[in-house]
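In what follows, a single structure is set out as structure tokens and then discussed.
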Amino acid sequence: MSEYEKETVVELRQELKQREIPSTGLTRKQQIIEKLEENDAERGQDKSEAAIDEEDEDEESSSEELDLEDEDSIVPSKRAAEHTESAHVKRTKTKHTGKTTGTGKPRLTTPDIEFDYDRSQLRDPRPTPGRIKRPRYDDLSCPDDLKAKLKTEFEVRKPDTPSDASQEYELYDNEALMNPLSSLREETLMELKGPGGSPTYDTAGFEIDYHKLVDGTNQPMTKHEMISNMDKSIEKDEKEKKEMFELFFLPDEHPEDDPLGHEIENFVKDQVSKDIGVPWHQIGPKHVEQWLQKGHEKVAFKNWWKDPNEEEMKRMDNMTCGCVFRKDL
């Protein structure tokens, strides 16, 4: 006897609904069973195999969550994180493990796009406080020649196109999850994990703060509020830059009106960060004061400053990108 015979009509109709099979004209139990068995044949599996596949999918989803972030990462409190997920995120979670295209190429993963800076080219080669993972490329920062090489040697999986146009937003989420180079990957991954999920890291290797990224970017705001907040942020940044320059440089030596002011500020923060062991993105005037209190002396700008080379610019671009969303330590 078929496994379907043991189920009620209500259960069978629910099975049809889950598989998105139209039930129009299926009035009798036997008709529904025949439709399900026909669908099983098309998928190349019977109902018992489908149940096994579902269990395998759960295991794959668990291991995939590891792969999405890092091949050797560990995901604690996975069940706790799932309770906080929205219905939209849960739907995405069941779909992001799409099939490969059968090219035989290895799948592109996060470790494949990680790199190390040439520390011999850095003015200050000391370790970066707060950085946990190796830096990595995304689709915006990856050099064209490397991008072409990755395309030749690796496969980026593609999600199935949804049958319903209203689910198109899920397609973009799934594409971001499957492509380690996607610049939307961090936010999509954090929404998937929820606030209690395992750590997610940005392209510079710093842990991202869930509430800063997800709550901050999803906060509704009028155009006027957006412009007002930008103006306040610029004013605050300028004020802090001026204060840091006055604390870090000798009197009359700080580049207050230098057009490269923010570039100079980035390297001031980098030195202070490494001297006192505080992450770069947290450095402000109070940390420069701590720097002085620890016995460091103000410097003469002309003797201290030199234009950054290509490797230093590459590193600093990574340090500044998305820094407002990093977790404070």
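Note: Cβ is positioned from N, Cα and C throughout, glycine not excepted.
Listed features, source TrEMBL:
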DOMAIN    8-40  domain 'SAP'
REGION    18-144  region 'Disordered'
COMPBIAS  31-50  compositional bias 'Basic and acidic residues'
COMPBIAS  51-73  compositional bias 'Acidic residues'
COMPBIAS  79-88  compositional bias 'Basic and acidic residues'
COMPBIAS  89-98  compositional bias 'Basic residues'
COMPBIAS  99-111  compositional bias 'Low complexity'
COMPBIAS  116-126  compositional bias 'Basic and acidic residues'
COMPBIAS  135-144  compositional bias 'Basic and acidic residues'
Based on DSSP, tally up the residues of the compositional bias 'Basic and acidic residues' (135-144) by helix, strand and coil.
1 helix, 1 strand, 8 coil
For the compositional bias 'Basic and acidic residues' (116-126), jot down how many residues DSSP puts in helix, in strand and in coil.
3 helix, 0 strand, 8 coil
Looking only at the domain 'SAP' (8-40), what is the mean pLDDT?
73
